[in-house]
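A.B. asks: Okay, handing you the structure first.
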Amino acid sequence: MNPTNMAKTMVLKHALRRPYHALTTTASEIHSLLYTSPKTFHQYLTSCRDFKSLLQIHGHLVVSGLKEDRSMVTHLINAYSFFGKCDLARSVLDSTSNPGVILWNIMIRAYTRSRRYKDTMRMYRCMLEGGLEPDKYTFNFLVKACTGALDLQEGILVHREIASRQLECDLFIGTSLVDMYCKMGQLRYASELFDRLPSRDVVACNTMIAGLSQSSDPHKALEFLCSMQLWGLEPNLVSLLNLVPAVSRLADFDSCRSIHGYVVRRNFGSAVSNGLIDMYSKCGDVNAACRVFGMMQGRDDVSWGTVMAGYAFNRCFLEVLELFDCMKRENLKMNQVSVVSALLAAAELRDLVKGKEIHDCAIQEELHSDVLVATPIITMYARCGEIEKAKMLFEELQGRDLIACSALVSACVQSGYPEVALSLFRDMQNENLKPDWVALTSILSACAELSSVKLGKSIHCYAIKTSIDCDTPTGTALVSMYAKCGYFTPALTLFNRMPYKDVVTWNALINAYTQNGDPYHTMEMFQKLQLSGIHPDAGTMVGLVPACTLLNDLDQGACIHGQIIKNGFESDTHVKNALISMYAKCETLSSAEFLFNGTQLMKDEVSWNVMIAGYVQSGHAKEAISAVHQMKLENLRPSLVTFVSILPAAAYLSALREGMGFHASIIKMGFLSNTLVSNSLIDMYAKCGRLDLSEKCFNEMKNKDTVSWNAMLTGYAVHGKGDCAVSLFSLMQNSHVRVDSLSFISVLSACRHAGLVEKGRKIFQSMHEEHHLEPNLEHYACLVDLLGRAGLFDETLSLIKKMPMKPDAAVWGALLGACRMHSNVKLAEVALDHLVELEPENSTNYIVLSNIYARSGRWGDVDKTRSKINDSGLKKTPGCTWVEVKNRVHAFQVGDQSHPQLESMHLLWNNLLEKMEKMGYIPDRSCVLQNVEEEDKDLFLHNHSERLAITFALLNTEPGSTIHLVKNLRVCVDCHTATKYIAKITNRSIIVRDAIRFHNFEDGTCSCKDYW
């Protein structure tokens, strides 16, 4: 049975089967259908708003014999097309004898309105084959179909037919052609057609404005609007709405305000308010957009969606979620834009709980199955680390397209899951989805993240085969991939072969050179960029500023800062963050703080992270922790980068309580599975004296890398757990984890702290023999320290002489430290001679030698050494100890007499000293370098910073609680002895982290076993 007969059968069944009262009209009216006139049928067809009723009316038309009436057929086709039932409309046309051009035009229009553009063109060809001559209305609909399909080739063919019939100058057809060429980016043809129009009206002008607004030079849209007014044409509401993309893309605040004023003067009302909200948002003035929104009368779902999109565009993600909550409270209808904006905000904030709530809302609004909403739902889960959930939703998505695939691949790359991105890319190819340049740029980023040049080359081959390697975005992504992987030769070859290079292409090389630590080539590429005539943009400066940091050239950085101000890039958040980072890393923290605090635009999480990292790198750990708390007060959620940056600050201060608080936040926010964060936690707990918690974090990690093992090895080393470190090192090798240079430094350091000479020797030898790694100066310094501490000075000197490179200060310093342990004056003097040559401004070396002289009773040499220090202007670093009591860190310097509790502290100390002396304590006065009376030496010892800190902590903490101290210098022999007695007397555990290692004093003993 052919489609026409099937349609007839369907119509008749409805006509005979369904009761009259099922129609939208009344029963009495339906009853009279059989006895009514064609005019009344026209009225019923025009007013029919129910498809089933339309079928019944059609059935009655067939029964009454009116189906051949041309006017009735026209109304039937229109009615079926209104319900999107083009096939039924076509059956009506096919059942009509000798249909004229008007009916064919109605059918062509129906297909075009239903976006069945291929059927439109087939209908046109059938019309020609039937010998009918198309008129201007036919061509108008055909041009619209080509425009909707974005089919330029077919559009040009239709244009030729129009020109051959001399219909090109018809205002309606001409305007449609202008619109087609504009939407396909062919503005030259559009302008030529517009200029040939016999008359220009506002509709034609609006079409040109819309096209120019989307062009590469949106300024022309503003110029065209001025020309339009000079021609005597008054811009209408559509003119202004079409201008919105141009003003938004230009971020032209003055034009935005001018348009706003025009709207107010012409009293356009709230119809253009959504456009104003969008314009102000894109111009960066989200507050003005919010004011327009607030003054709107009768806000609808479009208004809410527009303002939410505006906040999202300006990265005000918390505000987006607040608006989402407000819509939920007021039970307002949500559209695609509002849901997508809320999902974007949740994804950027990594707020999985809110993301799930938005997902539920999308389900309630029946928007979740729409691919435009489903795609951001999937990417939200991926960005929040729920990769499996994202993949499951993606696989369940009906009609998933290339855009959804590309979005998920990109989200996986951005969230640090490049392996998953590569897997999805392979699945995409297996499903015969041909990746476009968007998918390729994302997957090439994944290749760069994994340093997978081999896979990158295969993607490159695919791009060549599909002829998209010459596209500027794809070419730029290929250049970036090769460069980031360190393969600059193919990157430069591709770069030089590209027919067109934009500033983004140049930036790819500039940024890659900086990321690979080659600031000289960065500067060279920047100079070439300037000579090319292409203007640098904000992205260029983001790559250029860190190069100045690598060069440690603050003067060059200041010059670049000047260019940034001159070119108007200073307001760009990424540029400002790069400048803050540069000043902080170049130890000009005041300039960094000035820029940070002077930021007019809202500071984002990156700005805070850069400032926090700057504080940490400059040794201002307390300020870094304060910045994190201030960040939270300003309603910004710490990110993964925040925690990786701040945990070293807690470790530096040995601020266990702060570190545990950060750990709790990490668990709450779902970052614990991230390897970088877990590695930082292992390090933090070890440096805060909680090796047990370090071990717990290490053992619970699912994805350990080499850094994880090294962090645990370092923890064992600083705690003097040599045997544990050696066992872990063996397990690391047996687990086939890659052992690197740092692994050997950590395990050798553990051996030297524990005096494991034989094991240390074997590990050092295995470095070259088994692992094919060449020892560097740090490895030699560890072995020198290990042998020297054991008193094996002949072997130590032999090792130093056989070193393949010249010994540095670390090697000679290790020897000097060993001489201090064994009071080897002669060798200490040799070591000092070399150290004076290598680091003449380091007073610590002189002080160590003075200590050795003092222990040997050579006070004359002590005085001479101290005179050299004074004569050369060197200053001894004063001893300082920190202790955390009641959530506050207290600092004590040697000889500090200013503390408000000093009297109570002295009384406690005298009480302790009396008990210590009864237990056999004898002060080791050799630790005092001054040649003074014995009683005065005792006074010096009693005022060492760690003793002041201990007495303060004993006065202000609960009995039996552990005391944690951090000292900036190596603990002296006498303080080490005294602390053992204090721990015994007070029944306290006292953990001291000095400049070298941890000492855990408990019940009269120390974890170092007096070997440090």
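Cβ atoms are placed via backbone N, Cα and C, with glycine included.
Note that TrEMBL annotation is computational and uncurated.
Okay, these came from TrEMBL:
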- 100-134: repeat 'PPR' (REPEAT)
- 201-235: repeat 'PPR' (REPEAT)
- 300-334: repeat 'PPR' (REPEAT)
- 401-435: repeat 'PPR' (REPEAT)
- 502-536: repeat 'PPR' (REPEAT)
- 604-638: repeat 'PPR' (REPEAT)
- 674-704: repeat 'PPR' (REPEAT)
- 705-739: repeat 'PPR' (REPEAT)
- 920-1012: domain 'DYW' (DOMAIN)
A.B. asks: Using DSSP, how many residues in the domain 'DYW' (920-1012) fall into helix, strand and coil?
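C.D. replies: Helix, strand, coil within the domain 'DYW' (920-1012): 38 helix, 17 strand, 38 coil.
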A.B. asks: Where does the mean pLDDT land for the repeat 'PPR' (502-536)?
C.D. replies: 91
A.B. asks: Could you count the residues of the repeat 'PPR' (502-536) that DSSP puts in helix, in strand and in coil?
C.D. replies: 27 helix, 0 strand, 8 coil
A.B. asks: Give the residue counts of the repeat 'PPR' (201-235) per reduced DSSP state, in the order helix, strand, coil.
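C.D. replies: Secondary-structure composition of the repeat 'PPR' (201-235): 24 helix, 0 strand, 11 coil.
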A.B. asks: In the repeat 'PPR' (100-134), how many residues does DSSP call helix, how many strand, and how many coil?
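C.D. replies: Summed by class, the stretch gives 26 helix, 0 strand, 9 coil.
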A.B. asks: Quick test of the contact rule: Cβ under 8 Å, at least six residues beyond the ends. What residues does that give for the repeat 'PPR' (401-435)?
C.D. replies: 347, 371, 374-376, 378-379, 382-383, 385, 387, 390-391, 394, 442-443, 445-447, 449-450, 452, 455, 462, 466, 674
